[in-house]
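One structure is given here, and the rest of the page talks about it.
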Amino acid sequence: MAVVIGAVLPVIVKHFLLLLCLNFNSSLTQARKWESWKDKYPFIKSASSFSSSNAWSSGSESSKGHNYDYIIVGGGTAGCPLAATLSQKFNVLLLERGGVPFANANVSLMQNFHISLADTSPASASQFFASTDGVFNARARVLGGGTCINAGFYSRASKSYIKKAGWDSKLVNESFPWIEKQIVHRPILAPWQKAVSDGLQEVGISPYNGFTYDHIYGTKFGGTLFDRFGHRKTAADLLTSANPEKLDVLVHAIVQKIEFDTSGRKPRAVGVVFKDEKGNQHKAFLSKRKGSEVIVSSGAIGSPQILLLSGIGPKAELKKLNISVVLDNKFIGKGMSDNPLNTIFVPTNRPVQQSLIQTVGITKMGVYIEASSGYGETEDSIHCHHGIVSAEIGQLSAIPPKQRTLEAIEVYKRNKKHVPQEAFRGGFILEKIATPLSTGHISLKSTKIDDSPSVTFNYFSHPRDLKRCVDGIRIVEKIVKSKHFTTYAQCDKETLDNLLNMSVQANINLIPKHTNDTESLEQFCKDTVTTIWHYHGGCQVGKVVTPDYRVINVNRLRVIDGSTFNESPGTNPQATVLMMGRYMGVKILRERLGRAAGL
């Protein structure tokens, strides 16, 4: 039990830290490598390049001599493949609130994975937020979305999930390879991942399925967005498949609301209002041609937020903020769910190679077991001041958040310098609930699109979720005690005791800690819950959108992303969300053009 309760320094929460000190020399090299990205993507421009002379408005023409058949709000995991596909036949405008990933070494390099997530500056590829549950979280803010800031793991949804979603299995099986051929790699299995894989099999998570993209019970290793040199591919790379003559991509284009024509029986989307990086406001309108649509692909936080700000949502909530009601729908922002994650830090007697998610154990108990290793081995990283919400050791966790003064930070910094480097050696075993029954909601805090809404997930409010967490932790206990960890485990009693003492105070979230964590696995699950960023819901099928993702009772408006999910697909959702963008792009083209779509 001692090693199990030694859950300290979770790599999963490194993304919430305030980055104030690390300076990576590789950034210049990376910038030079990508200095020609503008030649490769001539259709990507800053939002401020838009001007009234472009005349992008209903009944008039753009600088390219046409109107937009599709305006896609959000250039993320679904938005990029969707835009690339629709541009094969139609004029598309893709609006992304963040910048480009290509010259950003913190996005492109695996060794910098935690740095992008730790950066809370306005220019960061990730946007920090904390749910009302007290769990730190992040939203992507970059072209490519979550594929730019996640751990890169790629694993398809199960066949039963595909069937339950009502998707065409033939088109699904065509869409997955379209993604995989362009941006997915087979990983070189790291030693830590091999040890966890062997441990999973030893404790009965079988059979061993080797390398596969498929969702199969047992132990396997899946695909990755990182190549063998540790360079990341993202959804933004899929834009190389777009028709450059029919696609415009604007970065730093923050969509504030959707515009509607409410003169008919149902409200009809006609365009969007957005601001550029200089704060100037613009409007972009759809073509009047039949079939033109605004498609929201801003993710499980962004999509319901935009609908609410546009006047679609619970009438009473909208009126409180003086938002004109376009459509009363009580389900907007409801059904929010996040797959709770609990991690176990296993100290080792030597440094371990860095690895992100590669191995996964797919159990029949409703939990997934994954692994990562090798974070924080450098002296600079260990002794770096990561700020007031630092989770590295947690010296500040005993101090109430409002009392975390600059003086407290200075004490923290001094104490951290004396932590032995050996305390940071080790790997993590992650336990994630597959399909949580606990749900929450999103509500607006203001009418400003830049303000993250209030998000509540209600982790472990359903007793079944808590039971499955305990079951998962017990699996991890068995893995740690398996023979495959005898060469890794840091068995020195003094070191283990130090880690135990630190783990009790580990500042991995804002949830009050209890003194009986070492005795109650239920309490341990509640107190050490974090996120693996697989939150979903808010615009669910059957409540907010139809099975073909049209917003119910609104014309010319769809939502295509993870906000429509009732449950997260597979062990990690990004493969399915990427596929969904391609799938729906092809489906829309076929519905509109028939055989002429040629897809």
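Any Cβ shown, glycine's included, is placed from N, Cα and C.
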CYS491, CYS525 - which one TrEMBL pairs with CYS469 by disulfide: CYS525
Between CYS525 (disulfide bond) and GLY562 (FAD binding site), the C-alpha gap once rounded to whole angstrom: 26
Span of the FAD site, taken as the largest CA to CA distance across GLU96, ARG97, VAL142, VAL255, TRP533, HIS534, GLY562, PRO573, GLN574 (Å, rounded to a whole number): 25
The domain 'Glucose-methanol-choline oxidoreductase N-terminal' (299-313) [mean pLDDT, rounded to integer]: 98
Rounded to the nearest Å - Cα separation of GLN574 (FAD binding site) and CYS469 (disulfide bond): 23
CB within-chain contacts under 8 A for GLU96 (FAD binding site), separation at least 6: GLY74, GLY75, GLY76, GLY79, VAL142, LEU143, VAL249, LEU250, VAL251, HIS252, ALA253
Structural state census, the domain 'Glucose-methanol-choline oxidoreductase N-terminal' (299-313) (DSSP three-state): 11 helix, 2 strand, 2 coil
Between GLY562 (FAD binding site) and CYS469 (disulfide bond), the C-alpha gap once rounded to whole angstrom: 23
